[in-house]
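Below is one structure, written out as structure tokens, with a few remarks after it.
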Amino acid sequence: MALIPSQILRVAILLSYFSILCNYKAIDMPAHQTYGGSWKFLTFIDLVIQAVFFGVCVLTDLSSLLTKGSACMEQERQLRKLIGLRDWMMAVLAFPVGAFVVTMFWTLYVYDRDLVYPRLLDNFIPQWLNHGMHTTVLPFIIIEMRTTYHRYPSRTCGLFVVCMFAVGYVVWMCWVHSMTGVWVYPLLEHIGPMARTLFFICLTALISVYYVLGEILNNYIWDSSKRWCIQEIYQLYSVKQLHHHISSGTLESDKTKTD
């Protein structure tokens, strides 16, 4: 019964990301016309990651339904591969990058929005689209984590991949700066080289922390669910035992009266 609602939910989230991406790409902003286009912004990269991730989730659900009751070993092997890809993407990309984008954006926005989201962008990006890119990402990924168990890789392997992603994006930002002479984010224009290097190191460490937090949260949610299921089974067993004793006691009482 729980599989159908989760499928519908994932399809709805996937469609919402398609809508956000299409509306964002349709905006005629000067930044989209410069070197790197939308791909130089971590927000856009994160939206693509989330869309691909939920696309894999939907494909996994469809494959699960199509292979349900099938005895074909090849289909089961392909389904296990899809589930492995889905869990890997959740662990090392969807959760840490999504959580990083949401928390960093709103932290800097509250401190000084011009450092990350200049007021000029309000003329191009409507509020609903801004929240679609920088707010709903985290609730969507937490909902997915709550509805489906995801097997995490070893922490060493997971942290290595997350750090490589962070380093790769830092290198990409530096390359864009070397080609255009302008940093992707205004914040980087206001700090010196040493402070900028320290900032990049801190961001890499922070996204690694989000990976560990995602693993802890996933284990906590599903360990709690397992404990709840065990407790529920125990309670049902206790109720059945109680009913059995009551029935037995009633039978014994009736037998005594008959005698």
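Every residue gets a Cβ built from N, Cα and C, even glycine.
So that you can see what the record holds, here are the features copied from TrEMBL:
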{"type": "TRANSMEM", "residues": "7-27", "note": "transmembrane segment"}
{"type": "TRANSMEM", "residues": "47-67", "note": "transmembrane segment"}
{"type": "TRANSMEM", "residues": "88-108", "note": "transmembrane segment"}
{"type": "TRANSMEM", "residues": "128-145", "note": "transmembrane segment"}
{"type": "TRANSMEM", "residues": "157-178", "note": "transmembrane segment"}
{"type": "TRANSMEM", "residues": "198-217", "note": "transmembrane segment"}
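Where the transmembrane segment (47-67) meets the stretches 88-108, 157-178, 198-217, the count of C-beta pairs under 8 angstroms peaks at 88-108. Counting Cβ pairs closer than 8 Å to the transmembrane segment (198-217), the top stretch among 7-27, 88-108, 157-178 is 88-108. Just going by CB pairs under 8 A, the stretch in 88-108, 128-145, 157-178 that sits most against the transmembrane segment (7-27) is 128-145.
Outside the transmembrane segment (157-178) by six or more residues, the chain places 35-36, 40, 42, 45, 91-93, 96-97, 184, 188, 200, 203-204, 207-208, 211-212, 215 with a CB less than 8 A from a CB of the stretch.
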